[in-house]
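Lifted from Swiss-Prot, the feature list:
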type	residues	note
SIGNAL	1-18	signal peptide
DISULFID	Cys23-Cys106	disulfide bond
ACT_SITE	Ser156	active site, nucleophile
ACT_SITE	Asp184	active site, charge relay system
DISULFID	Cys195-Cys200	disulfide bond
DISULFID	Cys238-Cys246	disulfide bond
ACT_SITE	His248	active site, charge relay system
DISULFID	Cys263-Cys290	disulfide bond
DISULFID	Cys264-Cys315	disulfide bond
DISULFID	Cys283-Cys288	disulfide bond
Amino acid sequence: MNFKYSILFICFGTLDRGLIPECPFNEYDILFFVYTRQQRDGIVLTEETLQNYDLFKKSTISRQVVFIDHGFLSNGNNENFIAMAKALIEKDNFLVISVDWKKGACNAFASTLDYLGYSTAVGNTRHVGKYVADFTKLLVEQYKVSMSNIRLIGHSLGAHTSGFAGKEVQELKLNKYSNIDGLDPAGPSFDSNDCPERLCETDAEYVQIIHTSNILGVYSKIGTVDFYMNYGSHQPGCGRFFSPSCSHTKAVKYLTECIKHECCLIGTPWKKYFSTPKPISQCTKDTCVCVGLNAKSYPARGSFYVPVEATAPYCHNEGIKL
């Protein structure tokens, strides 16, 4: 049995199947919350708001559209994703769409039993990915938004949902998304899967992975660049004791701080298990990469170790620039 499931099995393995939530939902349960500089608190995207707010009028279709996709037991109005959305619109006037599929992610009830709905939530990721892809097609064909201007950011299960959206748009004969940022992609039910069954580096032109928990997240290299924050395991500031959920969530906070601040979280080349990372002081723009929205502009590819501090903005390299 996979270690990541063993505790749940020990505690709940003998429960009647009828007690395990199935987290059913359909496409009508998926909401899009839109954030712009004019709608800083977010509005629910509907046909009416599309027309009334003219979100994709000709004068704005050239700007970047960013989808944010939450994970298990979460929702599109989670404070961490709101903070990220607001950082994005302040940074560069992005149009941000937070995807809310909370029913399918088992967030409908605050119950311990919700954790047992994980396998159903895993299956729902494909449906959400297809829904995002279908909406992407609408943006491209009806509103003339370029695929090169669309970015997906997903945390945990949301990272794989983004990957499935990336696969689906290619099936729809669209170009690839410009970027997918996988924030500690969920490990259980995915870490031994091949590319068709998880987020993969071929799902977008550039796939950035931020690893923060080797318990709840995938630990293997799956992106164009894979950043292992504090070696991709226990994160500073998450307490002395075992706290995988805190480390898992740190991936969202790291990217948000990279968006908000000029300080660069520098990744230095690292061959997992086989080498000690080189000191950041030896980095050049050709060998190392800054975590964040502009990672694609650096030529280096592969796996990178990133030292981080316990508190925001988490930079461990004050005064060092690439």
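Any Cβ shown, glycine's included, is placed from N, Cα and C.
Cα of Asp184 (active site, charge relay system) to Cα of Ser156 (active site, nucleophile): a distance of 6 Å.
For Cys106 (disulfide bond), the Cβ neighbour count at a 10 Å cut-off comes to 25, with all displayed protein chains included. Note: the CA-CA distance between Cys200 (disulfide bond) and Ser156 (active site, nucleophile) rounds to 14 Å. Cβ neighbour counts within 10 Å, taken over all protein chains shown, single out Cys23 as the most crowded of the disulfide-bonded residues Cys23, Cys200, Cys238, Cys263, Cys283.
Of all the disulfide-bonded residues listed (Cys195, Cys246, Cys315), Cys315 sits in the most crowded Cβ setting, with the most other Cβ atoms within 10 Å. Here the Cβ of Asp184 (active site, charge relay system) has 31 other Cβ atoms within 10 Å, regardless of which shown protein chain they belong to.
Here Cys238 (disulfide bond) is compared against the disulfide-bonded residues Cys195, Cys263, Cys283, Cys290, Cys315, and the shortest C-alpha distance is to Cys315. In the shown protein chains, 22 other C-beta atoms lie within 10 A of the C-beta of Cys290 (disulfide bond).
Around the residue listed as 'active site, nucleophile', a 10 Å sphere centred on its CB holds 31 further CB atoms from the protein chains shown. Same-chain residues at least 6 positions away in sequence with a Cβ under 8 Å from that of Cys288 (disulfide bond) are, in sequence order, Ile266, Gly267, Thr268, Pro269, Ile280, Tyr298, Ala300, Phe304, Leu322.
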